[in-house]
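Beneath this line is the structure, given in structure tokens, with notes to follow.
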């Protein structure tokens, strides 16, 4: 059963990497999208999710090798902990996207929020989440390696160092999102009640529309994150209460191999469905790359020809 689940997991991970590959390619080759901080942070989220996919692939290879050697057990254990660290890093990325959206609701961006969401901050949070992984791996291997078994991902150590912190991060995401929605509604009511020039009103409404669309997109991402994190956290808590059964082991397999990937698989799909410019660039870059190149080259030749005369 485990190997069948791993085969299905491998197919899902491969599809996920394809989606995120297109997402990263579009984000890095479009100058206009690079100026959008929301999409830059979304690109970092795609990088984190891609790292998660590669870790799952390596874990699948270890499972198919089915070796019982000490080196195999150590590798399997470190990959299991790395997966947890990358999932936590992805959740932090979503929290940063929420904070960035919150910062756009202010008339003047708050410097502290800009620093928190900066590129250096993104790198720092990724390193910190994986430092926790190394510490947890050291504590888990004090008595030597353990078998590469799904039940070893539901230990008390993982409950307190991974599942509970992830729940706190999700709560922080929901709280931040609630503040964004509240400020957005308050800003719209302020526009209707204040005296502004016609051009200011138009600019304000356009900004509100963009903020509202991004808020809906972010809401979908938060919902998927909650569905991904909450069931596993409840299962691990239930397991550590001493209520172990065959159904618990089966649910652990399903949650670890499918539900944890739900967030990473759905995120790029949400971007395509919700963000119009992203869809346009994806269509241009991934499907009509040759046509765009020919048109650009032809236009450049015509411009040079006109400049000569």
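Note that the numbers count up from 1, one per residue, in the order the chain is shown.
The backbone N, Cα and C atoms fix where each Cβ goes, glycine too.
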Which range is transmembrane segment per TrEMBL? Of 6-26, 279-299, it is 6-26
As a test: from 38-58, 78-102, 122-142, 215-239, pick the stretch that has the greatest number of Cβ pairs under 8 Å with the transmembrane segment (6-26).
38-58
